Each structure stands twice: as structure tokens, then as C-alpha cells.
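These notes concern the structure reproduced below.
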Amino acid sequence: MFSKVIDPEMLEDCFYIRKKVFVEEQGVPEESEIDEYESESIHLIGYDNGQPVATARIRPINETTVKIERVAVIKSHRGQGMGKMLMQAVESLAKDEGFYVATMNAQCHAIPFYESLNFKMRGNIFLEEGIEHIEMTKKLTSLN
């Protein structure tokens, strides 16, 4: 269901999902949504019957750590385990790419979801694009 993005059309599908979720639903400015890290990130896309429904990206921070960013599931596909499957695919990709630690700036409303996946909060709540976030981290192991 989830694939590593390998062509411009797949990347456009990622941007479509992100625009729907972050720009249209959450009010993030469109000019902030696509950033300077797109080309150095590894993107994942999930399709359902040929329609793009979920995406995330990972960005190397150093030799051992990857930052998980832009995690998004289209509204019609939430509450069905899609987010959990997406995060499992993200973690698998990160491990396949040789990373041992994952970090992310999680939206605070999603803290329980990420805690259920064994991410731990670190630091204090901060605002990003007017939305409360907190850093969360996880050691990636082969036992996921």
C-alpha cells in the first residue's frame, strides 16, 4: 500500500495530500507547506484504489537520526488504522535506509497516537505555523 516516491507524479500526489490536510484543513500558509527540504527528503505515499490518501517524509539529520515530517492522512481515511500503517512503513523505510533514531515535531493533538507507537515526548510545547507541537523521539529497532 505504501511506496517510496520515485517520480515527480508521485511527489505531486504527496503535495496534494499535504495541501488538503495542512493548508485547507489546518490553515497552514501554502507557501510554508512546501519547503527547502523536499529534495533532500525521502517521501512515502499511500494509495487506495489508485487515489493518494496518506503521505510522510523522512529527512536525514545526521548519520544515525532521521526526522519524520509532513505525516498526513486524507480525512476520509482517518480512523481506519491508516496512520498506524503509514508510521510503520515510515519506520521500516528509515531502518532500511540505515537510521537508528527517529525524531519529529508532533502536533500536540496527536501525542496519544505517537505515544501508542512508542514515541517519547522531549522538551516543551512550541508553536509552528500557529499549531502547538512537541518534539518526540523513538529508537528504531528490528523488533517493531
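For all residues, glycine too, the Cβ spot is worked out from N, Cα and C.
According to Swiss-Prot, the CoA binding site annotation covers VAL71, ALA72, VAL73, GLY79, PRO112, PHE113, TYR114, on the basis of similarity to another entry. As annotated by Swiss-Prot, domain 'N-acetyltransferase' applies to 1-141, with the evidence given as sequence analysis.
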Checked against DSSP, the composition of the domain 'N-acetyltransferase' (1-141) is 49 helix, 54 strand, 38 coil
Binding-site residues listed as PHE113, TYR114, least Cβ neighbours within 10 Å | PHE113
Could you tell me the maximum Cα-Cα distance in Å between the residues recorded as binding CoA, namely VAL71, ALA72, VAL73, GLY79, PRO112, PHE113, TYR114, rounded to a whole number?
-> 16
Please report the number of other Cβ atoms within 10 Å of the Cβ of VAL71 (CoA binding site).
-> 22
